[in-house]
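Chemist: OK, Swiss-Prot features for this one:
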type	residues	note
REGION	25-83	region 'Disordered'
COMPBIAS	55-66	compositional bias 'Polar residues'
BINDING	CYS110, CYS115	Zn(2+) binding site
BINDING	SER118, ARG381, ILE462, TRP463, PHE476	(6R)-L-erythro-5,6,7,8-tetrahydrobiopterin binding site
BINDING	CYS200, TYR491	heme b binding site
BINDING	GLN263, TRP372, TYR373, GLU377	L-arginine binding site
REGION	515-535	region 'Calmodulin-binding'
DOMAIN	539-677	domain 'Flavodoxin-like'
BINDING	THR545, GLU546, THR547, ARG549, SER550, SER591, THR592, SER628, CYS635, GLU661, GLN665	FMN binding site
DOMAIN	730-970	domain 'FAD-binding FR-type'
BINDING	ARG750, THR929, THR984, ARG1017, SER1046, ARG1047, LYS1053, TYR1055, GLN1057, ASP1090	NADP(+) binding site
BINDING	HIS772, ARG906, TYR908, SER909, THR924, ALA926, TYR930, VAL943, CYS944, SER945	FAD binding site
Amino acid sequence: MACPWQFLFKIKSQKVDLTTELDINNNVRKGHQPPSSPVTQDDPKRHSPGKHGNESPQPLTGTVKTSPDPLGKLDAPPSACPRHVRIKNWGSGVTFQDTLHQKAKGDLSCKSKSCLASIMNPKSLTIGPRDKPTPPDELLPQAIEFVNQYYGSFKEAKIEEHLARVEAVTKEIETTGTYQLTGDELIFATKQAWRNAPRCIGRIQWSNLQVFDARSCSTAQEMFEHICRHVRYATNNGNIRSAITVFPQRSDGKHDFRVWNAQLIRYAGYQMPDGSIRGDPASVEFTQLCIDLGWKPKFSRFDVLPLVLQADGRDPELFEIPPDLVLEVPMEHPRYEWFQELELKWYALPAVANMLLEVGGLEFPGCPFNGWYMGTEVGVRDFCDVQRYNILEEVGRRMGLETHKLASLWKDRAVVEINVAVLHSFQKQNVTIMDHHSAAESFMKYMQNEYRSRGGCPADWIWLVPPISGSITPVFHQEMLNYILSPFYYYQVEAWKTHVWQDERRRPQRREIRFKVLIKAVFFASVLMQKAMSSRVRATILFATETGRSETLAQDLGALFSCAFNPKVLCMDQYQLSHLEEEQLLLVVTSTFGNGDSPGNGEKLKKSLLMLKELTNKFRYAVFGLGSSMYPQFCAFAHDIDQKLSQLGASQLAPTGEGDELSGQEEAFRSWAVQTFKAACEIFDVSGKHHIEIPKLYTSSVTWDPHHYRLVQDSEPLDLNKALSSMHAKPVFTMRLKSQQNLQSPKSSRTTLLVELSCEGSQAPSYLPGEHLGVFPCNQPALVQGILERVVDGPAPHQPVRLETLCENGSYWVKDKRLPPCSLSQALTHFLDITTPPTQLLLRKLAQLATEEAERQRLETLCQPSDYNKWKFTNSPTFLEVLEEFPSLRVSASFLLSQLPILKPRYYSISSSRDLRPTEIHLTVAVLTYRTRDGQGPLHHGVCSTWLSSLKPQDPVPCFVRSASGFQLPEDRSRPCILIGPGTGIAPFRSFWQQRLHEAEHKGLQGGRMTLVFGCRRPEEDHLYWEEMLEMARKGVLHEVHTAYSRLPDQPKVYVQDILRQRLAGEVLRVLHEEQGHLYVCGDVRMARDVAHSLKQLMATALSLDEEQVEDYFFQLKSQKRYHEDIFGAVFPYEMKKDGAAPSDPRAPGANRS
């Protein structure tokens, strides 16, 4: 056959038809192959090619040369200017003109009316299996085009060699129906395919690819040996080198050489019996295939999968990768020691194994290749994707972030730290990795080079922009043109979905259901479910929360109502009030915040709902409130919603439920939920309502089964900070007591301490004035010892043990994650709450442990709400007092470790400025003592305040800083402020005036007027920080100081709200209304309520506002973050009934939050 000159020369007499219809997706004329243009490419003649045969593959390398195309005249385009696409960088303003796209091969998936650019594996980038060879008339022009491209890469023209090669390829195709690439051509093709890969950000290294020619192998064993050689070379003890191994090309499609693995090294994923996934979820299907083929799984999180290799179209064979070939990097963080507890690791070599190399009409379905990692590939995609290891929320919790609030940006902060850990870990082990910023910069340099050398650069913007950092990377602002050039790496259909099995006995049984059939079945079931759900009564479930507790219960409620209704769970701030006119059933689960207010994400709905005047749709509703009965406005927001909906004409489905944090909140919710669900089924006449199977959550037994728990000896020493960090998801650190000072005079019967803590390092942790310190206290030794003396069948008090629980099916024991391994004495001292009165649920379980029948009956009686509340508020018993009241109780160590509640941290407003005291944190602590039973009962002590008062200098204090973004000094320091804080409410204001003092003396900054309103009993008894206040007033930090004394002899009681009305009415009006200033209130809930009431009266009088207008005025103040409240000091109900007074321990802002 003569040389096909028509593929080598162009007929110059052709004219360009400027009216030809264009393919708008590829910028070429439809039905017309765009003309070639000069290309600057690698010079393969500088490589050292290997020879074919049965020898080991030889490394083939090459370097880049740039020069004009010597055969450009042979491949000259028609006499018309080449069409170009202008590409702009919107960050720098630089533009490129892309002409290379005219050489694009085939069409992309996009259509004239839809863009498919974000499809993961589009058909245009995928090559499926073949059942016959490529016809010679299709193969020949592609082969000649590649040969032209190859010889066009030389610096000097080699026309005779070029023409001879074209002639040889032509004859080979005519004779055999195909042709073979030379070693140099293979090197050129693999590198050029990498250069053309639009989804790769690291192409600047394309010319440094190491090529292993394995086209001579014939068996799976030989393939395995080649791959082992590849992995060893590429890993290089961590100094990763890019490489590719090329197995024999496809012939008739029935004798393919393929690697079935997606990557040469990848972790297994196991579908466990309970539905959970252990390991990498992305590998579940392939892992099961390996098991079906005979692999023995290990069932750990990071098991390296075996290689599944197919040679010459035969059935695949399994090969375990030698462990010494797999370099793995254990993950750690440069600052967070707990990161190692996650026990994460990742393999060092990213080697894609299942793509196909297309070159000159030839297809190589087996061509595993590797580069090195960009940090985000591991830190974002592998670790944080919800369909992968999904560690983001766990890391966020351990960092102490507000993971229940999307607006807190906890995801962004956590994902950055995970990526910091990945980069740090790889670099510490001297393993090659590149951060995404450097990768983006290198791609921009590569792109400039490509436009300069060959007039274009195919690029997929969606894939090249890193998964984090977005617009702060340069690639984000770069317009890109995406097209397919040849040679090219294509995706393939998974091998196990198309393989024709020669031994049917080895075919995995799990593939008996074809994928298409399965999809159709799932789709059909989905349609049926949608129809079923659409025919059900719609139920909207709204929640408002500060800590996430209400959201959790709302989701549980949604699971219950999905058994018979069509529920939708929404946060209140996502709900449109206009939808009330369309509701059939509305359910609300909400906490109450502060002084009877709504949580932050309920404010918008609250305001809109209260302003609503009428409702034409009379739907059904039910409300459940969460809170703490220690607060006088218990569940107030929930009752406000109930009252308003009733006023609007909606019908109450069930009485408003109340979940008391101190009295069986979960049990109360479950009871209310089931009652509401049954009532809804009756009202809406749900079909089969008496036979509905409800979730196990609502039917599970509340009994204690000792056979489900056991204690096992453990030798691991207790790291207290590490344990507390893990349990509470807080970044715990240790401060040490520097000093204590009683701020009250010797005349006072009460104690208020200034606690000064010093840090172990050079500087205290970062905090702002107004923020809180969470302190982890210890229980009193006497209480701990009393309980230890009553434990039966327990280990030695100081013997470290771990609690294990029996799994649901009873087949194995698992470590209980609630507590760390520790001794019983340590658990009772540091981790378990032994002072809060037992809940009704705990009493019910204790009843099972009573050996005296009378005591058992008494405990069961106390489980009833009326008896329980009277007993609880009269005695407020500690757990030791319960054991003393019911001496026949036989309580085991496993019962204590599994059933007692967790000891919570206590929060105190920080009373110092970090700028003024960089190595210290100060607290203002009221030490709580009180007697129960109307003063006749045993003496009780506040847990944390008493513990702090007992410390000696240098004793450790485990703690953490909690943000209080709503209670900080104004960003504009010139704004005037009014500070209102009686008693220990002065605590955060001390940090305010210390900060202002530092700014004035060290930075020369003068703040706006700061007026302080303080309240106490008598000046000579409990005027806290009196001398400091006078000094701050003398230095001009405090503009004025006003004090309200409530216990002066022969004088009427004066409170802070009286000072506001009598002395500061004009100042309040100026600060809040005229000068856009700020007002801060810190103290117990009753004081905050009275202050708010007085302020509203004052402003209503001054501005002539009615009740609704003044409520809206203060709502706007809070929305503008100019009215700040830090409320603490819960009120005990039994004391409220007695005299309306109450002590306040612990300082717990937000104790009435969900």
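Here the Cβ of each residue, glycine as well, is placed from N, Cα and C on the backbone.
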Chemist: If one measures from the C-alpha of THR984 (NADP(+) binding site) to the C-alpha of CYS635 (FMN binding site), what distance in angstrom results, rounded to a whole number?
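Modeler: Between the alpha carbons of THR984 (NADP(+) binding site) and CYS635 (FMN binding site) there are 25 Å.
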Chemist: Determine the mean pLDDT over the region 'Calmodulin-binding' (515-535), rounding to the nearest whole number.
Modeler: 58
Chemist: Taking the Cα atoms as reference points, how far is ARG750 (NADP(+) binding site) from TYR930 (FAD binding site) in Å?
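Modeler: Between the Cα atoms of ARG750 (NADP(+) binding site) and TYR930 (FAD binding site), the distance comes to 11 Å.
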Chemist: Would you mind splitting the domain 'Flavodoxin-like' (539-677) into helix, strand and coil residue counts from DSSP?
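Modeler: The counts are 59 helix, 37 strand, 43 coil.
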Chemist: Including all protein chains shown, what's the count of other C-beta atoms within 10 A of the C-beta of LYS1053 (NADP(+) binding site)?
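Modeler: I get 11 for this one.
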Chemist: According to DSSP, folded down to helix, strand and coil, what is TYR491 (heme b binding site)?
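Modeler: In three-state terms, TYR491 (heme b binding site) counts as strand.
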Chemist: List the residues of the same chain that sit at least 6 positions away from CYS635 (FMN binding site) in sequence and have their Cβ under 8 Å from its Cβ, in sequence order, or write 'none'.
Modeler: THR592, GLY625, LEU626, GLY627, THR656, GLU658, GLY659
Chemist: Here the binding-site residues are SER118, THR545, THR592, GLN665; which one has the lowest number of other Cβ atoms no more than 10 Å from its Cβ?
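Modeler: Relative to the other binding-site residues in SER118, THR545, THR592, GLN665, SER118 has the fewest Cβ atoms within 10 Å.
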Chemist: Taking the residues HIS772, ARG906, TYR908, SER909, THR924, ALA926, TYR930, VAL943, CYS944, SER945, which the record names as binding FAD, find the longest CA to CA distance and state it in Å to the nearest whole number.
Modeler: 25
Chemist: Enter the number of other CB atoms within 10 angstroms of the CB of TYR373 (L-arginine binding site).
Modeler: 26
Chemist: Applying a 10 Å Cβ distance cut-off over all chains shown, what neighbour count does SER550 (FMN binding site) have?
Modeler: 30
Chemist: If you measure every Cα to Cα pair among SER118, ARG381, ILE462, TRP463, PHE476, the residues listed for (6R)-L-erythro-5,6,7,8-tetrahydrobiopterin, what is the largest value in Å?
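Modeler: Roughly 18 Å, rounded to the nearest whole number.
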Chemist: Quick check on the binding-site residues: of SER1046, GLN1057, whose CB has the lowest count of neighbouring CB atoms inside 10 Å?
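Modeler: Counting other Cβ atoms within 10 Å of each of the binding-site residues SER1046, GLN1057, the minimum falls on SER1046.
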Chemist: By CA-CA distance, flag whichever of TYR373, GLU377, TYR930, SER1046, GLN1057 among the binding-site residues is nearest to SER118 ((6R)-L-erythro-5,6,7,8-tetrahydrobiopterin binding site).
Modeler: GLU377
Chemist: Counting other CB atoms within 10 A of each CB, which of the binding-site residues ARG381, HIS772 comes out lowest?
Modeler: ARG381
Chemist: If I take the Cα of SER550 (FMN binding site) as reference, which of the binding-site residues ARG381, PHE476, TYR908, CYS944, LYS1053 has the closest Cα?
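Modeler: For SER550 (FMN binding site), the spatially nearest of the binding-site residues is TYR908.
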Chemist: May I ask for the distance between THR924 (FAD binding site) and TYR373 (L-arginine binding site), taken between their Cα atoms and rounded to an integer number of Å?
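Modeler: Answer for this pair: 51 Å between alpha carbons.
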Chemist: Per DSSP, ARG750 (NADP(+) binding site) is which: helix, strand or coil?
Modeler: coil
Chemist: Taking Cα-Cα distance, which of the binding-site residues CYS200, TYR491, CYS944 are within 10 Å of TRP463 ((6R)-L-erythro-5,6,7,8-tetrahydrobiopterin binding site)?
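Modeler: Candidates kept after distance check: CYS200.
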